[in-house]
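Notes follow once the structure below has been shown.
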């Protein structure tokens, strides 16, 4: 038994020392000994020690003449040449991942076999060192080794993944010089390389040459189809796939090739929402037996989801024998894309219950679903869970989370997401975008978030850090939209001019146009609005979204005081959406043209549109602003009786405003008491406004107290109660309100009016004397006041909220901003042209009376817009009919 005991094998370190000692003692050490030692090495350090011993033994440095001589083997040891020993060292270094050492050795082996260079190139690609892989291939050429049909596909793959068109085209030249242009494997690699470098034309040329030579195979077709899908040419991809199914079936194929063909073409079907083609590909997969494959099933789920056929996607999902994480992700993403968020959330919860791994696509789909649905708090909560789970977000996740922050105005959370993106390398810190679209998408989302959080300093900092030539239409649009909605609309107009200016002019899309029209509407800048309208008519790129742009034009013209042109745009629309009808009704309502608003409401129903709660809100608003009390109350009652709609607090506010404006304060108060929900601030403001018109001090005080309890009071509310006290002569109460405002830190906004003249827009504050034409303005006003006093105008001094004598009150009333703007308009506007004035506060009652008289003696229609409505003064009357 003792004879059968296993032999004790020396550790490799001991054998190495004994070999070194033998060499020192002059004992022969054979190359085969080192070769066997190299095979057993497990670390680069050990290989390095053996390598040193080989060099010290002179086994890599036989005289050059002997390298070409075939030496006989010794009786006891096989002969190993220096080249073989050198490649053994290379192999050992490669096995231990020491590619740099392997390269140094390989360059000194003469001649060096191409197979080891190929392995080196592959190892660099596997490690993601694409530049190094290309560098190795160049050093291979310098070492005198000719690349073979295995080398070039690997190198072309590295060029494509970088991507580097310059390097790829250089190797293309090498391929032609070395006679590889007829090798189908290398030609397929060329097609893939040019495709990844974005050179679809060159890829197509190579493919055409392959087919002309008749050397094409299924991989060639798969490569060109994939190239067109990625190059945003889905129709071309589908056409090529159809030809492929007719031609390639005669050529030998593998099941894997068939699977790749199906998986390649389905994204094109999905992007086009091409239902017949998707079903045709599905049938093809069933016929050739590739359908049960998980990759094909996942691609089908994605394609059906993008086509809006979630029922088909569910059927595919249920029929799959094996489902991986991608399958579940595709289903969640499909539900989210189709707007069926309930199903997406339910599937998400089930995945968590069953401990199915959640990929970044699943997390992102759920976060995006919550964000799009307006559930921003839930979106942020899911994002926190994602981070805690260890799943790393991608750029799409960050964009969705930033959208949620923007909706909430969550500035601090948005800053945290920004910092997280920088920390985790989801954003570059410098200005070199290098064509990375994901970076720009995240920067656009950051600009949008900071703008909606009203942090324009941060938004501008990011915007101007993006090089001018790198900004796309989304970059410009989010910045312009931020200014238009939450900032200074004048800045939005300036930015739009920069956007379309050369040399890096960017063509605005429909969303940009809507944002700039919104800015024009805010400023009542009808002249610029007309220029934008003309721009839209000249450029036919907006035809696909014509009704969307037209709705914005209706809104712009209505808010700029030209409701007739808004109606012309409305009538010229070939197709109208519910928003189109509602916008037109709103326009008529704010101009006091209630009959036309109700006529639009009737036509809307005849066109097949069913009114919703927003439509009724507009109808009630229109009735309220033109004194149509009975009609308005009828519509209010019909909401629940005829349309099954439950009135919300906003509808009650309109009904209360309708009653209160007409003097029915008792019924308005009873309606407040009978509300099925707690009255909101809008209700109390409506009641307070009516109390000013009808001088009901007691009810006004009650309404203000309710606003104070709700922390909803503002300078407008205090100004209204001050007006009511001043009208009643209760100057001590006026002083008390002023003290209360000062104590609460509430400042009354100064009245400001602006008017468009021939030389641009001029703005005026109360008592403004800074304008160069101030002497002429005040002189004209004095003349006009004298003339209308002779006609019966009596200044309403109760609107001068100061306890001073009547003469001083008269002087204070003359200095109101809207009167100054009118005088400027009369001085600078051609006879017969309308004068358009916009005021940031409610029009003063005395100014309203004065404008009514002035409209009798001037050859202009005076159009005044305040935050509530429009007043058209013409021939001694106003469009409001006293309901304002």
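The backbone N, Cα and C atoms fix where each Cβ goes, glycine too.
Taken from TrEMBL, the feature domain 'DYW' applies to 792-884. Per TrEMBL, repeat 'PPR' is recorded for 113-147, 183-217, 293-323, 324-358, 359-393, 472-506, 577-611, 714-748.
Helix, strand and coil residue tallies for the repeat 'PPR' (714-748), in that order: 27 helix, 0 strand, 8 coil [DSSP]. Confidence over the repeat 'PPR' (714-748), given as mean pLDDT on the 0 to 100 scale, stands at 81. In terms of DSSP secondary structure, the repeat 'PPR' (577-611) contains 26 helix, 0 strand, 9 coil.
Look at the repeat 'PPR' (293-323): DSSP puts its residues at 23 helix, 0 strand, 8 coil.
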